Amino acid sequence: MALSPLIRKISSPFYFVSSLDPPKITHLDFATVKAFEFPATPFNFLKPFSSHDNSTIFHTFNFDSFYANLLDSSTRNAHLTQIHAKLVLLDIHQNGFLITKLINSAVNLGEISYARKVFDEFPDPDVFLWNAIVRGYSKCNMFANAIEMYSRMQVLWVSPDGYTLPHVLKACGGLPGFEMGRRVHGQIFRLGFEKDVFVQNGIVAFYAKCGKIESAKVVFDGLELRNVVSWTSMISGYAQNGQPIEALRVFDEMRKMGVMPDWVAFVSAIRAHTDVEDLEHGKSIHGCVIKMGLELEPDLLIALTAMYAKCGQVMVARSFFDQMKVPNLILWNAMISGYAKNGYAEEAVELFRKMISNNIRTDSITARCAVVACAQVGSLGLARWMDNYISKSEHRDDIFVNSALIDMFAKCGNVDMARMVFDRTLEKDVVVWSAMIVGYGLHGRGREALDLYQLMKQAGVCPNDVTFLGLLTACNHSGLVEDGWRLFHCMKDYGIEPRHQHYACVVDLLGRGGYLDQAYDFIMNMPIEPGVSVWGALLSACKIYRHVTLGEYAAEQLFSIESYNTGHYVQLSNLYASVRMWDRVAKVRVMMKEKGLSKDLGYSLIEINGKLQAFRVGDKSHPQSKEIYEELESLERRLKQAGFIPHTDSSLHDLNYEEMEETLCNHSERLAIAFGLISTAPGTTLRITKNLRACINCHSATKLISKLVNREIVVRDANRFHHFKDGVCSCGDYW
């Protein structure tokens, strides 16, 4: 659209009566400017002067300075159109200096389309005008347009200068357009800009953004003069290309050279410390930021929020988050992710709800972090809400989000809903298949996991290490020893090197299957040093089969690795208690007391009407405590009538039988079951999460309770899910 019709909107030029040289304008006040207008033709602005001065005044008035000041002070598109119209009326709209100013001002206001129209109307633009439009597209991240204009510029035989090339290189790095950037690099040599530090900085940044960090280093090392931008380009390049240690090395080298970092360098250094989770040194960078008065720089606030959030200091991170009047998407993601990764799942979900209630657009990262948080909360009601939100959003076909949804439903106790998400996912990569296999493994549905693995291979999807970890877990939780052993040895067929988790799974698989000697031999022949999970799996198996000698050896290995881990001592104590070696139980207690260790308190969570209620062993703090214990007593009577006999072998030996029985029936999951029964309608499924492994007594009791009350009871303990129904558990008493 031509811009000339705009001249109809304004009838006269600006007119100042006090001086031929216009004053410096510090801010644009169009109301003031209007006061100096005459509603007449362009020639009427000469009326206040005598006729013999007219020509002199017109030709000596400094239009360039006056309108340049106005353009610099413009804050709205309407200002630009008014000024442009004045330029047309005064017949100075072909003034290259002013039109370049006009284009730059339009770009700064985000009016790139208007800038392009102004450019297209200018006949025979010089290099300064071309620079303005190339810069404009590059600044607005319209990189393809920037490169297109650069190509047109050369077709018209306009030679680029040192101000053109950095913007073109930025566009090549932003696409990324590596081959185009290499051609521009060659052209830079031909044009003689190989010693121009600004152009060379652009080359460093270009190679870094294209992932060619070694090429960036070659250019950087060849610089005779390095300014802060040169150093920052390398620091950012290393940080962006997954080399945080190198980024920090260059940052330290820069400071030793006496170059003062700018806020961009600080952002990259903070991000590098975040990647290596080095909070202490990150705090020192934060101190430098404060000393330099840069703490309110938006990008630094984002980097600091991400650093403190990832390193577990979520309250500090939230204080930075709250400082931003309008947090951007990156900041929201950093905070939600920080909450989710550091055990603040409910806070992450609450912040996500706030985000969408404020109509702030989410991206795939936001959605994934929120789904992960929902999985940690463990509420099936919340999981359904999240699935409903995703299904109505632009993320419904996002393969990463769907993988997270599958994992979420599996961890919230409903593997069938996880399968529904899996089935509706059109494009299934190895992550989607693996998520579903891991879900089946978590619920002890080994056969379904193996069947899905066969379908995965038929679909031509190659398994990865996570796939095999899910398969081994599924076999382990289902007692499929031969299948698991075969799958472990299949890993090499796909070029997959087993990790420590795979070895631990095999030890657990063999140990729980009763093959303790084979498990020990397997450990002794491992190509890597056995760790905590490997020896822990062997000790757990020794407790099941009451193999004291081997269990003691496994415990010794665990104590040498983690001498202050309470769980190892409890496992050994339980092993001794299972064979009634009470003197050794007492010895373990003394060891724990000497080290200042105490057994972790068990607790259970139950979801009622979308809300989670927590119970501890012997808990009487609940408002409905009286009704809960009455229901518990009723259950115990019915259990006895049905012939249930409590397992007391692993209980504290200094209690009499009645005290043991009372302690066992007051375990946290039993209280949660009683509360669930009095709080829900008959037939409602009860969903319980326990922080510790389910004890054999509660496991046996819950099986019978599910039959007596005709309910399905889903319990997630520290290892897996148990689905109790009609007196049977899905684990087949194999956990």
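For all residues, glycine too, the Cβ spot is worked out from N, Cα and C.
Since we're looking at a predicted model, the values are computed, not measured.
According to TrEMBL, the feature repeat 'PPR' maps to 126-160 (among others). The average pLDDT for the repeat 'PPR' (126-160) in the predicted structure is 90.
As a summary of secondary structure, the repeat 'PPR' (227-261) carries 26 helix, 0 strand, 9 coil according to DSSP. Residues annotated as repeat 'PPR' in TrEMBL: 227-261 (among others).
Applying DSSP to the repeat 'PPR' (328-362) sorts its residues as follows: 26 helix, 0 strand, 9 coil. The feature repeat 'PPR' is assigned by TrEMBL to 328-362 (among others).
Marked as repeat 'PPR' by TrEMBL: 429-463 (among others).
Residues or ranges marked as repeat 'PPR' in TrEMBL: 464-498 (among others). Beyond the repeat 'PPR' (464-498), the same-chain residues lying 6 or more positions past its ends with a Cβ under 8 Å from any Cβ of the stretch are 430-431, 433-434, 437-447, 449-450, 453, 456, 505-506, 508-510, 512-513, 515, 719-720, 731-732, 734-735.
The annotation domain 'DYW' is assigned in TrEMBL to 643-735.
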List the helix, strand and coil residue totals of the repeat 'PPR' (429-463) as derived from DSSP.
-> 26 helix, 0 strand, 9 coil
For the repeat 'PPR' (464-498), residues assigned helix / strand / coil by DSSP = 28 helix, 0 strand, 7 coil
